[in-house]
Ligand SMILES: NC(=O)c1ccc[n+]([C@@H]2O[C@H](COP(=O)([O-])OP(=O)(O)OC[C@H]3O[C@@H](n4cnc5c(N)ncnc54)[C@H](O)[C@@H]3O)[C@@H](O)[C@H]2O)c1
Ligand SMILES: O=C(O)C[C@H](O)C(=O)O
Ligand SMILES: [Mg+2]
C-alpha cells in the first residue's frame, strides 16, 4: 500500500472551489473559510482583477518575464489566468505557447519556481530510474488531486526534439504544459483534468549535463531497447490507472515519434501531434491554398525542405488527400513530392542508407542526377509549393524566394516556412511578401506580424499553420465521444472541417487559416466533425453521442469519404460541453455551498 501526503494543487484544483486569498471572495466566504483579515479589504469584481492582471502583464519587460508571470498566475489563480488568456488570446498565445515557450524550455531549470502548496503539483516528472515505480508515482499524483479530477487528457514528451531547438532533456516540460493550456483556451478542456508529463530519460545535450542548475537526471539518453521498454512501463501504468485517457505524444525525436505511434496507435487512445496533428493542420491550409493558387491540384509540384516527423507526416497527409479527394492514383500522387534533407534531394540511389521514414518518398526517377542543396533542388523540381520543416533559419533566402516567384509566374507560389520557433523559421512573412511581389500564399509555424504593402493601405494577415488549430478539438472530440482509437480518416475529417471554417471575409482576403481570435468557435466546429466521423466509422463508444449523431446526421451522412461536416445539434452540444472560466465572483464562490 502506497501512502502519500495530501496536498492541494492549483493546476489540479477545481476552478469552482474557492481559491485561497482571492480578492473577489465575498465577505461571507472569507468569514466561513476563516480568511477574514487575511485578504485586502476591498471585495473586487472580476473586471478590476482582470485590469490589474493585464496591467502587471504589460509591465513585464520581456516575453520571458511575461511567461514567468503567467505561469505564476496559472498556479495561483487558475480562473483569473484563463480569463486573461481568453480575453487577450492573440497577444498571449505567443507567450504561453510558440515561440516564447521555446525560450522558456531552454531556461526551464533556471526559471523553475519554488512551488509550495497550494500550487505544488504541476505535472509528472518521471525519471528513467523510477519507471518501475510508475504505480507509486501515479498514486502520489492521485493523492495530490481533488477527488473527481481524474486526468482525461495528457501530453507526454521526453524533451528529445523540442520545437526546432533540439534535445532539451527534462527542460522540455514547458511544451506539455503549454500544449495543455491551449487545449483549455482553444477547445475548453477542463484544466483540472489535464496532465502534463515529461519522461526524464536523460539528455545528450552537453550544456545541460554540465549546468549546475539543470533539474533533470544527469545522464545520456538510453539506447532504443531501454527507451521503448521504459515508455512501455509508463504507458501501461498510465492507461491502467486512468482508463480511456487521451494521450498526445509530443516532440519526441523523429525515429521515436514514428516508433511510439506505430506501437501504440492501435492499442490505446493516442496520437502524435508532430506527425498527425501537423499533417492535418497543413493539409487544411493546403486545401485553401490550392483553391487560390491558379493551377489544379494534380499539377502541383511540392518540394519539402526537411524530412523529419513533421515533413513526412505532412506529405503523407497530402498524398491521402490527393488520392481520396482528387482520385489521383497513389503512385502518381507520391510522384508530386520531392524532399530535401541535410544531404540534398532524397533519392533511392543517393548512396546513403535512408532512415525508414524517408524511404517512401525517395525519388527513383532521377537517373544519375543528385541535387545537393535547396538551390539545386529548386532548379531541378521547379516547384509550385515550398514547405519548410527543416529547422534551418532563413533557408528560404531572398534568392530562393525570388526564384520561387519567377518559376511561378502563371500561378501564385505556395510558401510555408513551418519550423518553430521564429529563430528556426525558414523565412518571415514580410520577406515572403517582398520577394514574391506580394503574390505568395503563405503560412508559418510561428505567428508573424501583419504586413502592409508599401504605398498602400492593404494590410495582409499571415496564416499560422500550427497544429494548435487541430490538437485541441481532437482532444475535445476524443474526451466526448471516447473513440477506441484515432484513425487516419478521423484526422482527415479534421483537416476538411478546419478548411471549412474559413469565413467569407478570410477567404476573400486570401487567408489560409481562421483568425486565432475565433479559435474557440473553429475548435467546436472541428470537434463536431470529429465526433460525427468517429460515430460514422464505429470507433465511438459514448452512447449519448452515438445516439445524438444518429438522430442528427451530418449533411453528408451518406458520403463515403470524410468531409468534415456536422449537424447543428452536435455543434451546439459540443459548445456547451466546453469548460469556461467562472464569469462572476458569485459563480466562483457560491455562498449557498458554504
Ligand atoms: N508548424 C507546426 O505546427 C509544426 C509542427 C511540428 C513540427 N514543426 C517544426 O518542424 C521542424 C522539424 O521537426 P521534425 O520533428 O520533423 O524534426 P527533425 O529534426 O526530425 O527534422 C528536420 C529535418 O530537416 C533536415 N535538415 C537539416 N538540415 C537541413 C538543411 N540544411 N537543408 C535541408 N534540410 C535539412 C533534416 O535532415 C531532417 O530531415 C521543427 O522546427 C518543428 O518545430 C512545426
Ligand atoms: O509546438 C508547436 O508550436 C508546433 C509543433 O508541435 C512543433 O513541434 O513545432
Ligand atoms: Mg511539437
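Glycine is treated like the rest: Cβ placed from N, Cα and C.
Residues or ranges marked as region 'Disordered' in TrEMBL: 1-21.
Annotation comment: TrEMBL describes 10-21 as compositional bias 'Polar residues'.
The annotation domain 'Malic enzyme N-terminal' is assigned in TrEMBL to 74-265.
Under the DSSP three-state reduction, residue 97 (active site, proton donor) is assigned to coil, being neither helix nor strand. According to TrEMBL, the feature active site, proton donor maps to 97.
In the three-state DSSP scheme, residue 420 ((S)-malate binding site) falls into the coil class. Remark: residue 420 ((S)-malate binding site) has 98, 99, 102, 163, 164, 445, 446, 466 as non-local neighbours, by Cβ distance under 8 Å and separation of at least 6 in sequence. The (S)-malate binding site annotation in TrEMBL covers 161, 420, 466.
Just so you know, the Cβ of residue 179 (active site, proton acceptor) picks up 28 other Cβ atoms within 10 Å once every protein chain is counted. Taken from TrEMBL, the feature active site, proton acceptor covers 179.
Summarising the annotation, TrEMBL assigns divalent metal cation binding site to 250, 251, 274. Less than 8 angstroms from the CB of residue 251 (divalent metal cation binding site) sit 157, 159, 160, 161, 162, 163, 172, 175, 274, each of them six or more residues away in the same chain.
The domain 'Malic enzyme NAD-binding' annotation in TrEMBL covers 275-535.
Residues 161, 420, 466 are recorded as binding (S)-malate; their most distant pair of Cα atoms lies 16 Å apart. For ligand 3, the nearby recorded positions are 251, 274; that is, of 97, 251, 274, these have a C-beta under 6 Å from one of its atoms. Residue 97 (active site, proton donor) sits 14 Å from residue 250 (divalent metal cation binding site), taking the Cα positions as reference. Checked against ligand 1, the recorded positions 97, 179, 250, 274, 420, 466 give 274, 420, 466 in sequence order as having a Cβ less than 6 Å away from one of its atoms. The recorded positions near ligand 2, defined by a Cβ under 6 Å from one of its atoms, are 274, 420, 466, chosen from 161, 179, 274, 420, 466.
For residue 97 (active site, proton donor), other Cβ atoms within 10 Å of its Cβ number 26.
Residues 250, 251, 274 make up the record's divalent metal cation site, and a Cβ search at 8 Å around their centroid adds 157, 161, 162, 175, 249, 252, 257, 272, 273, 309 from the same chain.
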